[in-house]
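Accompanying notes for the structure given below.
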Amino acid sequence: MRLVLVGPPGAGKGTQAQLIASHLHVPKISTGDIFRKNVADDTPLGRLAKQYMDAGDLVPDEVTIAMVRDRLAGDDVRDGFLLDGFPRTVHQAVELDAMLAEAGARLDVVLELVVDDDEVIRRLSGRRTCADCAHVWHVTYDPPTVDGVCDLCGGKLFQREDDREETVRHRLEVYYQQTAPLIDYYAARGILEGIDAMGPVEEVTARAVAALRHWSR
């Protein structure tokens, strides 16, 4: 099965991507992993991407698409894959369709993790990170014994800039602006499946797996 997983920040996409891919026995492919491997292996694409990242710029679509194309040529994806973090735009989606068509394949389904904005804000703005060991706690879901102090090492806990409520709200706005056309694109093709991402991790995974049974027939 070939699928794409999309969802807003705080939807648990990384966790679900790993669990769903494991259930399907297909590789989880994330753009972050692809970037890191290309940079670590000092490939021509990795060197090019690093130039942009070091300058604080976004890696151009052409470089990202080329990296994904290389990855999808691997032997381990012949029976399927789960893409996490790609495509992000309609342009990238069209390029992905073209890549797969060249190989005589197609995308089977796009899973969209659907979660309430207020829940995303609760999940992310409640996170506290240890300044010493970098362990992440949560003021509601996984609080330390002593407020502001890490149970593991006694380090001071702080709130990352990315986890501040106003930053989270802005990230959500950007996500919806960028992703709405992509969601419409896949909905028009009839391969979009919404998954309720509220509740415990294992319940969300169970919903996704149940939905995928329909698409694997």
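Glycine too: its Cβ is placed from the backbone N, Cα and C atoms.
Per Swiss-Prot, the features are:
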type    : residues                                                                             : note
BINDING : Gly10, Ala11, Gly12, Lys13, Gly14, Thr15, Arg127, Gly199                             : ATP binding site
BINDING : Thr31, Arg36, Asp57, Leu58, Val59, Gly85, Phe86, Pro87, Arg88, Gln92, Arg160, Arg171 : AMP binding site
BINDING : Cys130, Cys133, Cys150, Cys153                                                       : Zn(2+) binding site
REGION  : 30-59                                                                                : region 'NMP'
REGION  : 126-163                                                                              : region 'LID'
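Note: the CA-CA distance between Gly12 (ATP binding site) and Phe86 (AMP binding site) rounds to 16 Å. Among the record's AMP binders, Thr31, Arg36, Asp57, Leu58, Val59, Gly85, Phe86, Pro87, Arg88, Gln92, Arg160, Arg171, no two C-alpha atoms are more than 30 Å apart, and one pair sits at exactly that spread.
Of the residues the record lists as binding ATP, namely Gly10, Ala11, Gly12, Lys13, Gly14, Thr15, Arg127, Gly199, the two whose Cα atoms sit farthest apart are 17 Å from each other.
Counting only the Cα atoms, the space from Val59 (AMP binding site) to Gly14 (ATP binding site) is about 21 angstrom. Taking the centroid of the Cβ atoms of Cys130, Cys133, Cys150, Cys153 as the Zn(2+) site, the other same-chain residues with Cβ within 8 Å of it are Ala131, Asp132, Ala134, His135, Asp151, Leu152, Gly154, Gly155, Leu157. Closest to Cys153 (Zn(2+) binding site) by Cα-Cα distance, out of the binding-site residues Gly10, Ala11, Thr31, Asp57, Phe86, is Gly10. Geometry remark: Gly199 (ATP binding site) versus Arg160 (AMP binding site), CA distance 24 Å. Between the alpha carbons (Cα) of Gly14 (ATP binding site) and Thr31 (AMP binding site) lies a span of roughly 12 Å.
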